């Protein structure tokens, strides 16, 4: 029984296809599998409904086959990019799902803070490592982060994505980028206004977001950091913090 | 004398670095060289100041070395992506500029409608072919377009970028994508409100843009066109139609 349970994936939500709103795959139609549970508690987490155990009654324990069937149904059985996010999806058993989907021509991107390494990272098509800057209130364990890179064995397309709210975050991003010169960098202005998970209509400070975006573009160009991409969360601009889009 | 003149580049503006606002390089710091003159007259052109001969007094005839020095100055001599746009930059002699910049570690992207082919396309790092859909009022000469691809000799990273205002444009985009299955596709909702070139402050219909963006995302996902990227013009969202950013 323990064996069977351990293969279950804790799922907060599966939705899409809609476009990826951020980072290296921005604009690409994607089905999202958001897993439940996280080893971090970032102060500005925009997906608390997939993190905070207050919401765990909403999470479903699903088998690989159940998750796969939902992806196949949402995509009309047409191969699509699947984004595995959370929470921290690295704490879920996703290796079988990736192999299952690959067999049907689907591709898989994983987004994780880089705190937990899995051997199935090497099976991913895209690995987005998103270390958390000082404003999150979290500390980065660079040894754990290095282990994630080792596990990926240079197989997926791997990028750094770092949320930046302020100068301290920006300095952290520069340090992280210097540490991993081989990885393309995506900087993302922080979203200060995550709504409660049960309130789709909570207002977003779009002007504040755009101000931080303009500030960050200025910061990067002043510094001649010409390898860093600066991208907002497009889905927030299009749909606010609404879930399921 | 004719030989000397033929090496001059007609320049509308050189500006940056700022982030690329659209397409495959979205978010990347870039210096823009916008050349003057175009063999097309798209009904919704958003760069008339680089197209319409009414503005030709603003254009400068510059040598390769003069253009290069301005790029080097703007970028503080740090290698950066250079976007060659227009107008149609393919009608300018840009081969020497590309070779000059490559010698210093700079990279070059060219954006063109694909009406004029040049042998120096093969020297580019990125070639954005942007055939014009029916709403532009222009006809596509696919033989000329094919010649652009042939000239590039598969050397640059080459993508299709297509502006979409309506269903007819969308159908055109699907046909173009089917014709060039090997090329990644970037769809861009049209911007209905180009201001006069001398009016930075003319208002932009941001909500209209976002509505078309949401419509286009819906259209692509309904059709299960999962290889197509859908991206807005980020610079318009950030800065309106203001020039020089």
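The backbone N, Cα and C atoms fix where each Cβ goes, and this holds for glycine too.
TrEMBL entries are annotated by machine, without manual review.
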Record says A:19, A:20, A:21, A:34 bind substrate. Source is TrEMBL. Which of A:63, A:75, A:85, A:115 does it list for that same site? A:85
For the S-adenosyl-L-methionine site that TrEMBL describes with A:44, A:45, A:46, A:130, A:131, A:132, which of these is also annotated: A:87, A:95, A:208? A:87
Find the one among the binding-site residues A:19, A:21, A:44, A:47 whose C-alpha lies closest to that of residue A:38 ([4Fe-4S] cluster binding site). A:47
Among the binding-site residues listed as A:34, A:85, A:87, within 10 angstroms of residue A:45 ([4Fe-4S] cluster binding site) by C-alpha we get A:87
Which of A:34, A:38, A:87 (binding-site residues) reach within a Cβ distance of under 8 Å of chain B? none
Just report the maximum Cα pair distance in Å for the recorded S-adenosyl-L-methionine binders A:44, A:45, A:46, A:87, A:130, A:131, A:132, no decimals. 15
To see if you understand the setup: which same-chain residues, six or more apart in sequence, place their Cβ under 8 Å from that of residue A:21 (substrate binding site)? A:233, A:234, A:235, A:236, A:238
Among A:42, A:46, A:47, A:130, A:131, which are recorded as binding-site residues, the nearest neighbour of residue A:34 (substrate binding site) by Cα: A:47
Packing count at residue A:45 ([4Fe-4S] cluster binding site) (other Cβ atoms within 10 Å of its Cβ): 18
CA-CA within 10 A of residue A:87 (S-adenosyl-L-methionine binding site), subset of binding-site residues A:19, A:20, A:47 in residue order, equals A:47
